[in-house]
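S.K.: Just dropping this structure here.
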Amino acid sequence: MNQAVGTFQVWDYIVFACLFVVSSGIGVFFAIKERKNDSSSEFLVGGRQMTCGPVALSLTASFMSAVTVIGAPADVYRFGASYIIFGFAYTLMVILTAELFLPVFYRSGITSTYEYLELRFCKPVRIAATLIYMVQTIVYTGVVVYAPALALNQVTQFNLWGAIFATGIVCTFYCTLGGLKAVVWSDAFQMVVMVAGFLIVLIQGSYKNGGISTAWSTAEAGGRLNVFDFDPNPLRRHTFWTVTVGGMFTWLGIYGVNQSTIQRCISCKTENHARWALYLNLLGLLVILFCAVVSGLIMYALYANCDPWTAGYVSAPDQLMPYFVLDILGNFPGLPGLFVACAFSGTLSTVAASINALATVTYEDFVSQCWRDLSNRTATWISKALCVVFGVACTSMAVAASYMGSIVQAALSIHGMCGGPMLGLFSLGILFPFTNSKGAAGGLIVGSALSFWVGVGAFIHPAPDTNTRPLPLSTENCMTLPKRCVVSRSVLIDSWYSMSYLYYSTVGFLGTVIMGLLITLLTGPTKPQELKPWLIRPVCDLFCFCSEKYRRMFWCGVRHEEEKVVRHPVYSLRGTQWH
């Protein structure tokens with residue numbers, strides 16, 4: 001096998017540049033179109049007049065970042081098609097988000113999800129949660145920007161820092177100019193580019209393998225199609241249980257209570273539009289997941305007898321997908337550039353959504369609380385300035401991301417360590433009417449401590465191959481370079497720190513909820529009768545077979561009958577709004 005696969009050509013750079021030009025153009029378009037609407041609501045949540053289609057595409061594009069485009073096929077290449085089980089986790093995550101969390105946030109009339117925490121608990125809990133979200137988002141965005149740029153640089157000689165700074169500048173540019181509408185419609189365009197890039201790879205990859213059936217047979221012979229492993233051992237990296245249960249909690253922390261997602265949902269004109277946006281988004285998630293998994297199988301089939309990573313042709317697994325793309329598309333000028341545009345579409349979408357969400361929570365949770373009488377024009381300019389600040393912060397954070405290892409695992413680990421405790425905190429407020437503010441604060445502290453303990457420990461001491469169980473790779477037809485060594489490890493490292501990274505969120509969630517409920521019982525529960533009913537989501541109401549009698553019993557004293565009134569006040573910290 002030839003180690004060299006070529007580099008980018010002029011047409012590749014042109015195709016790639018078009019992605020940035022069109023995305024920037026969308027920002028300019030909305031800046032001109034909405035120049036007379038200078039309210040902060042218009043800028044941050046699109047005037048709450050968005051429809052479900054563009055929002056669904058936007059959610060899918062930002063969710064399926066370059067982490068999925070580049071990292072997921074490499075994960076399938078090394079560990080097999082069990083990655084497809086994430087489809088179950090996505091389905092559960094979307095259903096719970098649409099039916100449990102979205103109604104509460106939408107009906108509360110809030111802009112920042114963390115405003116809910118002050119309405120339900122107290123201001124210190126809101127501030128703590130906001131700060132955790134800001135750190136989580138900036139760090140995660142750094143991974144999303146740096147990792148794909150490095151992988152592409154190592155294989156294609158694509159300029160590393162040029163790609164990083166171009167990403168940061170373009171995202172900041174169209175976020176600052178066009179606000180949420182520019183973010184949503186840019187995401188919709190980038191989603192189309194992502195699908196097109198994957199289709200090109202699938203078609204040409206199948207052709208190189210002699211057809212999809214041949215590739216499928218090769219993947220099966222290599223053990224890549226052994227999808228369902230029901231081993232309950234929590235130390236195993238990917239089993240049915242770790243991916244379904246752990247993956248659900250991980251992604252629910254990203255979707256169900258994450259500002260970036262909820263902000264786009266509450267921008268919809270009605271609650272039904274927001275709910276449909278989530279369900280349509282699920283369809284997009286499953287399509288991209290399928291493309292990523294099949295790409296990984298086709299890549300394995302092509303390199304079944306000469307693994308580029310073991311042979312030393314690439315220095316990290318995350319470089320496998322770019323190497324594969326140049327190998328199969330190198331003779332078609334412009335097509336490698338289309339795949340790079342596909343990868344960076346996910347990056348642009350994620351970064352833009354993060355910048356917009358960070359600006360929103362900072363304005364709503366800090367600026368507007370200090371200066372309550374700002375004019376619409378001043379509020380809009382402050383929001384735009386915050387977009388610039390966080391654009392610079394996220395781009396700068398990309399430098400530190402070089403030490404985080406595999407991009408899929410690093411990205412999900414960050415979300416798991418922060419998202420799990422946050423999910424637990426919101427669950428205490430939405431699902432348990434008697435939880436008090438002391439329980440919420442104590443639960444958040446304990447849950448965060450547990451998830452960071454296991455997450456940081458695993459980062460320092462990665463799990464051994466006996467738990468991650470990578471599948472065998474062959475170098476029969478190529479020369480190899482010696483690498484890797486084995487070191488001795490303690491019992492703690494091989495147990496607690498070797499837990500599947502997908503369970504970090506579950507640990508944080510359970511720690512937060514259990515400790516929150518215990519502290520509440522010890523300090524005196526909140527009186528449910530005093531709570532605003534739209535701050536609680538009665539789970540029993542989701543089941544149509546529950547009678548009115550049993551529903552009222554499970555309401556735990558909360559007066560949900562008040563929500564039956566057609567016109568009711570939705571309280572926010574700025575005053576009363578009527579819906």
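Each residue, glycine too, has its Cβ placed from N, Cα and C.
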S.K.: Labelled transmembrane segment by TrEMBL, one stretch among 238-257, 318-337, 478-497. Can you tell me which?
M.R.: 238-257
S.K.: Out of 158-177, 189-207, 238-257, 338-361, 501-522, what stretch is closest in contact terms to the transmembrane segment (439-460), meaning most Cβ pairs under 8 angstroms?
M.R.: 501-522
S.K.: Most CB pairs under 8 Å with the transmembrane segment (410-432): which of 13-32, 53-74, 238-257, 338-361, 501-522?
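M.R.: Highest pair count goes to 501-522.
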S.K.: Out of 13-32, 53-74, 238-257, 501-522, which stretch has the largest tally of CB pairs under 8 angstroms to the transmembrane segment (80-106)?
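M.R.: The stretch with the most close Cβ contacts to the transmembrane segment (80-106) is 238-257.
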